[in-house]
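Note sheet for the following structure.
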Amino acid sequence: MKIGIFDSGLGGLSVLNEALKKLPNEEFLYYADRKNVPYGLKSKDEILKFSSHAVKFLIDQGANAIVIACNTATSAAINELRAKFDLPIIGMEPAVKKAADLNREGENSASLRTLVIATPLTVQGAKLKELIERVDSEHLVDVLALPRLVEFAENENFACDEVKEYLREEFAKFKLQNYCALVLGCTHFNYFKDSLREILPAGVSLIDGNEGTINKLISELSRLNLAHGKGQSVEYFYSDAKIYDNGELARIGRYLARLNKMLEIK
C-alpha cells in the first residue's frame, strides 16, 4: 500500500507530517514539483497539466491513493483529476467551516470575523467562493492572497525580518482586533505560524486543513479496505527525480523539524 502526496513544492510536507503521525504503517511517496513551483500565479490549464503529470508519475511508482497537498492544485484541478484517474484522490480544503464553528462557539460570535489567506489562484477560484458561500451565511469571512510566502518557504526563509515586514504590510489592510480566526489556505503557510502568532492579536486562532485532509484519507482507505501496510517509509521526488542527495534529504529533515515546532503554535 503506497500513498502518493503531491504539492507544487515543500508546503505539502505539512500534510505528509500529519499523515506520518496518523498512519504509522503505510508507505509514502512525496512529490514536490519544484521544477514548476509556485503554482499560485500560473493559469488553471498549466496547473491541470502539471497536476495530471504528477498524479500519473505517482501511480507509475505504485501509488494506490493520492493526496493533493496543495490548495491551489485542488482548486484548479481536482475534479478533472478524479474523472481521469481511477483511484482515491483526496484534496485540500481551507478550514473555513472549522473556523466558522469556532466563531459561533465564542462569546462575541456575532461580531468577529475570519480571514482566509491563500495563493492568488485559490483566492480567485470558484471552489473557495463556493465553500465560503456554503458556510458563511452571515458574511463574516474575508480573503487575502499572500503569494510571497510560498517563495519565502521554498527558499527556507521563515522567521526573517522580510517575512514579518511583508505580513505586517498585508495585514494592515484589516482591523485584526475584529477577527477570531486566521485560516491557512495554503500548505506552505504552516511554516510561518511563529511570525503570524507574533503579529496577530492573541485572540486570533490559527487554523489549517491538514488534520481534516488526513482524516478524510483515513476514512477513504478504511472504506476501500486499502490501509494494510506493514511498516512506514517515505520516498521523496523533486518533479520526476527521486531524491538521493544527502544534502537535500537533510533539507527536507529541517523542514519537517520546523513543522513539528510549528504544531505547538495555535
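Backbone N, Cα and C define each Cβ position, glycine as well.
Keep in mind it's a predicted model, so treat the numbers as computed, not measured.
Swiss-Prot annotations:
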type	residues	note
ACT_SITE	CYS70	active site, proton donor/acceptor
ACT_SITE	CYS186	active site, proton donor/acceptor
BINDING	ASP7, SER8, TYR39, GLY40, ASN71, THR72, THR187, HIS188	substrate binding site
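Shown here: features listed in Swiss-Prot, placed on the structure.
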residue : record                             : DSSP (3 states)
ASP7    : substrate binding site             : strand
TYR39   : substrate binding site             : coil
CYS70   : active site, proton donor/acceptor : coil
CYS186  : active site, proton donor/acceptor : coil
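Long-range C-beta contacts of THR72 (substrate binding site), restricted to its own chain and to partners at least six residues apart, with a cutoff below 8 Å, comprise SER8, TYR39, GLY40, ILE47, ALA118, THR119, LEU121, THR122, CYS186.
Note: the Cα of THR187 (substrate binding site) and the Cα of CYS70 (active site, proton donor/acceptor) are spaced 6 Å from each other. Here the active-site residues are CYS70, CYS186, and the one whose Cβ sees the fewest other Cβ atoms within 10 Å is CYS186.
Counting only same-chain residues at least 6 apart in sequence, those with a Cβ under 8 Å from the Cβ of ASP7 (substrate binding site) are LEU13, VAL15, TYR31, ALA32, ASP33, ILE68, ALA69, CYS70, ALA73, THR187. THR187 (substrate binding site) is surrounded by 30 other CB atoms, counting those within 10 A of its CB over all protein chains shown. GLY40 (substrate binding site) is surrounded by 29 other CB atoms, counting those within 10 A of its CB over all protein chains shown. Annotation: ASN71 carries the greatest number of neighbouring Cβ atoms among the binding-site residues SER8, TYR39, ASN71, HIS188 [cut-off 10 Å, Cβ to Cβ]. Spanning the listed substrate site, residues ASP7, SER8, TYR39, GLY40, ASN71, THR72, THR187, HIS188 have a farthest Cα to Cα distance of 12 Å.
In sequence order, GLY9, GLY11, GLY12, VAL37, PRO38, CYS70, ALA73, THR119, THR122, VAL150, CYS186 are the residues of the same chain, not among ASP7, SER8, TYR39, GLY40, ASN71, THR72, THR187, HIS188, whose CB sits within 8 A of the CB centroid for the substrate site.
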